[in-house]
Every structure is written in structure tokens, then in C-alpha cells.
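These features come from TrEMBL:
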type: TRANSMEM; residues: B:6-30; note: transmembrane segment
type: TRANSMEM; residues: B:42-58; note: transmembrane segment
type: TRANSMEM; residues: B:64-85; note: transmembrane segment
type: TRANSMEM; residues: B:105-125; note: transmembrane segment
type: TRANSMEM; residues: B:145-161; note: transmembrane segment
type: TRANSMEM; residues: B:190-209; note: transmembrane segment
type: TRANSMEM; residues: B:229-256; note: transmembrane segment
type: TRANSMEM; residues: B:268-287; note: transmembrane segment
Amino acid sequence: MKTAHPTRKPPSTALGAPLLEVHDLAVAYGGIRALKRVSLEVRCGEIVAMIGANGAGKTTTLKTIMRLLPIAAGRISYDGQDLAGVATEEVVARGVSLVPEGRAIFVNLTVRENLELGAWNHKDQRTIQETLEDVVKLFPRLGERMKQEGGTLSGGEQQMLAIGRALMARPAMLLLDEPSLGIAPRLVADIFEAVALVAASGTTILLVEQNTRLALKYSTRAYVLRTGEIAMSGSSKELANNEEIRAAYLGG
Amino acid sequence: MMEILSALITGIAQGSMIALIALGYTMVYGILKLINFAHSEVFMMGAFIGLFAITALGGTQAPLLAGVGGTLCAMAFAGVLGVVVERVAYAPLRGRGRGLSNTRITPLVTALGMSVLLQNLAQLLFTARYRNYPQLLPIEHTRKVIFVTAVLVMIGLELFVKRTWMGKAMRAISMNAEAARLMGVKTSRVIAITFVTGSMLAALGAVLFCLDQSPVYPTAGVVIGTRAFVAAVIGGIGNITGAMLGGLLIGVIGELTKLTPYSGLQDVLVFAALIAVLLVRPTGLLGKPGTEKV
Ligand SMILES: Nc1ncnc2c1ncn2[C@@H]1O[C@H](COP(=O)(O)OP(=O)(O)OP(=O)(O)O)[C@@H](O)[C@H]1O
Ligand SMILES: [Mg+2]
């Protein structure tokens, strides 16, 4: 995304320095521990992938970063500032946006209204309009469907809408939770290409995926999450060639 | 024939007023999935404050000033009361019960408790005496004023919800509250505004209701609140247009019943209508299955 008219100050973190740091994070649902001890970092400008089986705790990690879930132990910091006690809305205002698992678009609102809500923190009409044009350039299919209700879009289009909606906030950091989930393969490629473009324009990305092949292809580094703990981490190339990973996540 | 026509007109006036109250139930439900039983007491309190303000402003001596001023006072007071109820009784539960299974039942019980509390408070403060509003306008005019005001307010509300940022945020929250927060929407503020709006409409309805020769007393909210709630459910709870429709339907049914020898059965018929509608359309007239609108 071009940011010709940035309305939010870019992160003070220098390119290549840690933008998001998660340190020994533990999270529980009621009495059940979903995350035991998760540490990871995403440096400014990187695409980092987080892979892992069903129930490993990937969604829990992202939701906790967005402060939708309480932290049981550990620390999360973004752009040098602790996120403990920060409300979700404030995390968004600081420049982090999440594209939630299952897309969570507003089904009875039009595509345009969905996108406009994404720009909630920007009340300047011109900025909103420009960002909207950027999003439509990225996903031309959305442009053709502006007046349609979100719920009438196909799964892939809904995913595009969910990503576009998150981009409307002009985030410095984008979290994506399984963007390939339940989407036709042809559209999955489009979506990942779009994500790569977003990254190329300077947005830092943390990508959660069950499609390990894709995740490792598009990321520079990756973490493997297993039952609430980081089991492995390294450069995506290394991990793609790792025997254990190939056996467990890449089908041999 | 003339009788039926005049009953229809009265019914529509009555119904539009019921609709004003039904809107509060439906808006709060749309956003919080909570039936705010205290809403009928906000209505009742609004009626009391309206009476005091109208009297203080000169009553029949200055009908226009007293009518308009009294209504505004009642609305302001009810708006504050609505938010206080939300902040004291519902908001704390929302924060705590996140993700637990009884999150819908607990606030419901709290809502019932709040309703009883306010009734008793009114009893204590104002005594159980029935009080009548001064006759500010001849009764035929009152009904016209009720109808016109209600229609204008509903059009205004429809525009507010469809066109403004706040309205869009309300609809977004009703569809997916978590996603709305992820957009940066401060949901607690939107919830507060929803309570303010609904409560102010209830107070407006209350003043109009009492100007139309109905007395006010501490349990005055019960009967009318029940009818308004039924109206909201008939229309499809969570749906604003539905609440308006439901209100009109109930008003007309009520007035037409009065023409028959069975006028005492008004509420029986109202509930019969509710059951009939729900049997045919379980989500109410305009409610969509699966999705919920404000
Ligand atoms: N609301 C909840 N209440 C209780 N337990 C939950 C809840 N949500 C998730 N869990 C549990 O927490 C663990 C981690 O879940 P999470 O959704 O984070 O996994 P995930 O890695 O995103 O899985 P998937 O690939 O299926 O999306 C799982 O064991 C899950 O059962
Ligand atoms: Mg998940």
C-alpha cells in the first residue's frame, strides 16, 4: 500500500528491529491453559509465519496480542510499549490490525460499509477515500461489489474484504489468521500475492496458517507452535527443508 | 363504520407510542442480546419526571412551554438513568463473564432485579398514588401530536442508524461485536449511546402516553412495557423497523378490541397475536433467521 498521506505516525521502531515482542506468554480459557509459554518476535518489515496443528494455540496468540483475551502470564510489547492493560481499540489505534479467523465480516452491511468501518479511526474523508482506492487496486473484485451485502460474497471474496477492511485502518502491522481457510485454491494464490504486495509496501506481517507450504513460501521466518508452546523456529527456508517439519506438516 | 375508523386512528396513535418504547428493547437486544427489563421502569420514571417538569413549567398556563420543556426534561433524565442502569448493572457483568456459558442468563436476572428496584424506588419517592397529567391540549389534538411526533422520531432514528457513523457502529456491533472492536470501535461508548437513545425515546413515549389521559404510578411501566416488549418480539427483536410495525399492530389490535364486548381481553389478544406471529415466523415479522440487525 502506498502511504502518501499517512495519518498515523509510523512506528518508531527502525526497520529490522523488533516491532512486536511476545515474551513467555501464557493464556487460559477459564481453567484450561491454551498457551503455556510462547515467545516470539516480529521485526519491522518482516513477514513471519506461525504454523501448527488444530488447537495448537495460534488463534489464541493473535487474539491475545489484540488484547481480546486476558494475559495469564508473560508480556507483549508493540513498538517498544507494553500492551498489558491496553484495550483492543487502542491496540488498533496504535497500528496493529487483525484479520480474524473465519473472516468475521459484517454480513448485513455492504462491502463499502464494511470497508468504511475498517477506517473507524480515520475521520478524514480524503484519507478514507484514498485508502479505499488502494484496497480496490489490490482487490479489484471488491470494487465491482461495493453495494453488495458482505454476506452475499463468496468465501474468497469475503477473505479479500476482511483483509481490505483491516488495511483500511492503515496498519503498520497486520496479523492474519488462516487467510486460506475454506477458500478455492485459485483465490488463495490471489490472496497471498496481495499479502506479499502489502508487505512489500512496508507493512509488517504475522501470518498464521495451517497451509504450511504456503506459509513457508511467503514468509522469511517462521515459528512452529505445538500445544501452546513454540516447538521450533527459524528461517522459512530452513524449516521447509527440515525433516521433522516435512513429515509432520508438509505430508512427507 | 365511523367507530372503526376512529378506533383505527386512536390505535395508530397508541401503537406509534408503544413503538417508541419497543425501540429501546429492540436496540439494546440488537447490540447486547440482552432483554433490558428495566426499560419499562425507565419509561415510568420518565413519566414522573415529565409530570413534575410540566407542572413546574406552568402546566395548563403555558401549554406549549410546559409540554415541550417537560418532554425534554423527561428525556434528559431518562437518558441519564438508562446509562446509569447499564453502567451499574450490566457493564460489570459483561467484563467478567467473557467466554463463560451463563453470560446471557446472569444479566437477564440482573435486569429483572433492576426493574423491581426502580419500581420500589418510585414507590418510596413518589408513593403509589395515581397521578394525572394536566390536559395541555384537547384530546383529538393530543392524538395527532402523538402520531406526528412518533413518525418523525422513527424516521429520524432510521436515518441515524443507516447513515451516521454511530449508527453503522451499532449495526456492526449487533452483527459481530468482536469484529467491531477490531475496527477500533469503542464498544462501551456505543453501548452507552444505545441506552441513552432508547431511554430518551421511552421517556418521549411516556410523556405522550400520559398526555393521552393515562395516569402515572410506580408500576405504570409494567403493562405498557409488556406490550412494547411484545411489539419488539412480533416485529423481530433486534430490528428497528420491525419494532415500529409491531407497535402499530398492537395499538390497532388493542383499540379494535375495545369496540367489542371483550375489551378486558386486550392483553390476551395481544399475546395471541404474538403467538400467532411466532408460530408462522419464529423470528418475528422482519427478523432474519441466523442474522441479527439492530
Ligand atoms: N473459547 C474457548 N474456550 C475454551 N477453550 C478454548 C476456546 N478457544 C480455544 N480454546 C482451546 O484453546 C486451544 C487453542 O485454540 P486455538 O483456537 O488458539 O487453536 P488454533 O491453533 O487457532 O487452532 P485452529 O488451527 O483449529 O484454528 C484449543 O485446545 C482450544 O480447544
Ligand atoms: Mg485458529
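Backbone N, Cα and C define each Cβ position, glycine as well.
Note: TrEMBL annotation is automatic and uncurated.
Same-chain residues lying 6+ beyond the ends of the transmembrane segment (B:229-256) with a Cβ under 8 Å from its Cβ atoms: 4, 7-8, 10-23, 25-27, 29-30, 35, 40, 154, 157-158, 161, 174, 266, 269-271, 273-274, 277-278, 281, 283-288, 292-294. In summary, the transmembrane segment (B:105-125) lies against the transmembrane segment (B:42-58): three or more C-beta pairs, each 6 or more positions apart in sequence, are under 8 Å. Among B:6-30, B:64-85, B:190-209, B:6-30 has the largest number of CB pairs under 8 A with the transmembrane segment (B:145-161). Using a Cβ-Cβ cut-off under 8 Å and counting only residues 6 or more beyond its ends in the same chain, the transmembrane segment (B:42-58) has close neighbours at 21, 24, 65-67, 69-71, 73-75, 77-78, 81-82, 85, 118-119, 122, 126, 131, 133-134, 136, 199, 202-207, 209-210, 216, 218-221, 224-225, 228. It is B:190-209 that, among the stretches B:6-30, B:190-209, B:268-287, forms the most Cβ pairs under 8 Å with the transmembrane segment (B:64-85). With a cut-off of 8 Å between Cβ atoms, the residues of this chain six or more beyond the transmembrane segment (B:6-30) that come close are 36, 39-40, 42-43, 82, 143-144, 146-147, 150-151, 153-154, 157, 170, 174, 194-195, 197-199, 201-202, 204-206, 208-209, 212, 224-225, 227-229, 231-232, 235, 237-240, 242-256, 258-259, 292-294.
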